[in-house]
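Single-structure report; data block below.
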Amino acid sequence: MARPWNFSAGPSALPESVLQQAAAEMLDWHGSGMSVMEMSHRGRQFVQICDEAEADLRELMNVPADYAIMFMQGGGLGENAIVPMNLIGRRGLPAADFVVTGHWSTRSHKEAGRYGDAQIAASSAQAVNIDGHEQRPFTWVPPLSDWRVRPEAAYLHLCSNETIGGVEFTEWPDLAAFGAPDVPLVVDASSHFLSRPLDVTRTGLLFAGAQKNAGPAGVTVVIARRDLLGKALSICPSAFDYANVAAEHSRYNTPPTFAIYVAGLVYKWVKAQGGVQGLEAANKAKADLLYGYLDASGFYRNPVHPAVRSRMNVPFVLHDESLNDAFLKGAEAAGLLALKGHKSVGGMRASIYNAMPLAGVQALVDYLKEFERLHG
């Protein structure tokens, strides 16, 4: 029986070959007689798994040696606290700046305020007119000329792909241009991690929950410049102190072993697809197909300004919201799952991450056409 197409925003679809390999190795990993779930996190088998995952990720993202790669717990929401506990006091005055472009950067800003002075450097929380497009709040990105970054800030945080709103940064700023060359950029890249080339060297720290593009829920990837480590607040738990985690190669405490193993399988799958460059081409083709149909239709509408539309998360609304339930019921019957939009914005959302093939997006477009034919 064919599997349905899963458009969940996260946890999301994994490559089928990864699931098959994990299933085949479930009871006996490489002749060890053990499942990965049964291994000691300090035993040689898991050390090999963890180190290989780190090496593959470093290769895929061109991560220099002066950056540490850490596999942690807590998800992106946890990192909203762990980042300030590690970085906000590094320059004495606990202060950090935020670019607020949606739900997740709003939560990051609010959480950091518990640990210091968290100020908004730029925001898209208001409606604007851009090139004749009337844009609702959080459907656009503030131009760099409007950013106000304090030179004394410990870091500047942005969410480079807002999963709920479907807003994506296509490039990251050079903070020297704002007169803040000593302010490192912190990026929440959770929902477009490994979907396109990302220049880690433009950041001081990058984090990503794996459950969207890079594995199952339970492991969070943190990539941090080593010179930023070792300056955690005294209230930071030792297990969340980046200096401790990096020094022990993600094994300071018991890490999420099985999640790291599956993430490692995903990294090998990404390499087999031609790396992030190969996936970028595939993701662009999928996004072009879906946005192309939505834009041509008078029945559906994507609210995001075209210049900052996400390739990963595509929100859309029907012209008649009373049809929402019928749309979702019909979609599920057609084998198209998890298309309901986030409760904070409503409507629909198709998350078309790396593991979603073009055929899945084509199946969605075919359904969109048929539903419009019946109800338009």
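Placement of Cβ uses the backbone N, Cα and C atoms for every residue, glycine included.
Listed in Swiss-Prot for this protein:
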type: BINDING; residues: Arg42; note: L-glutamate binding site
type: BINDING; residues: Trp104, Thr163, Asp188, Gln211, Asn253, Thr254; note: pyridoxal 5'-phosphate binding site
type: MOD_RES; residues: Lys212; note: N6-(pyridoxal phosphate)lysine
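Structural mapping of features recorded in Swiss-Prot.
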residue: Arg42; record: L-glutamate binding site; contacts (Cβ under 8 Å, 6+ apart): Arg251
residue: Trp104; record: pyridoxal 5'-phosphate binding site; contacts (Cβ under 8 Å, 6+ apart): Gly76, Cys159, Glu162, Thr163, Ile164, Asp188, Ser190
residue: Gln211; record: pyridoxal 5'-phosphate binding site; contacts (Cβ under 8 Å, 6+ apart): Gly10, Pro11, Ser12, Gly75, Ala217, Gly218
residue: Lys212; record: N6-(pyridoxal phosphate)lysine; contacts (Cβ under 8 Å, 6+ apart): Ala9, Gly10, Pro11, Ser12, Thr163, Ser190, Ser191, Phe193, Met312, Ser351, Tyr353
residue: Asn253; record: pyridoxal 5'-phosphate binding site; contacts (Cβ under 8 Å, 6+ apart): Ala239
residue: Thr254; record: pyridoxal 5'-phosphate binding site; contacts (Cβ under 8 Å, 6+ apart): His41
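Residue environment of Asp188 (pyridoxal 5'-phosphate binding site) contains 27 other Cβ atoms, counted within 10 Å of its Cβ in all protein chains. Every protein chain shown contributes to the tally, and the Cβ of Thr163 (pyridoxal 5'-phosphate binding site) ends up with 27 other Cβ atoms within 10 Å. Comment: pyridoxal 5'-phosphate site residues Trp104, Thr163, Asp188, Gln211, Asn253, Thr254; largest CA to CA distance 30 Å, whole number. Following the DSSP three-state reduction, the secondary structure of Asp188 (pyridoxal 5'-phosphate binding site) is strand.
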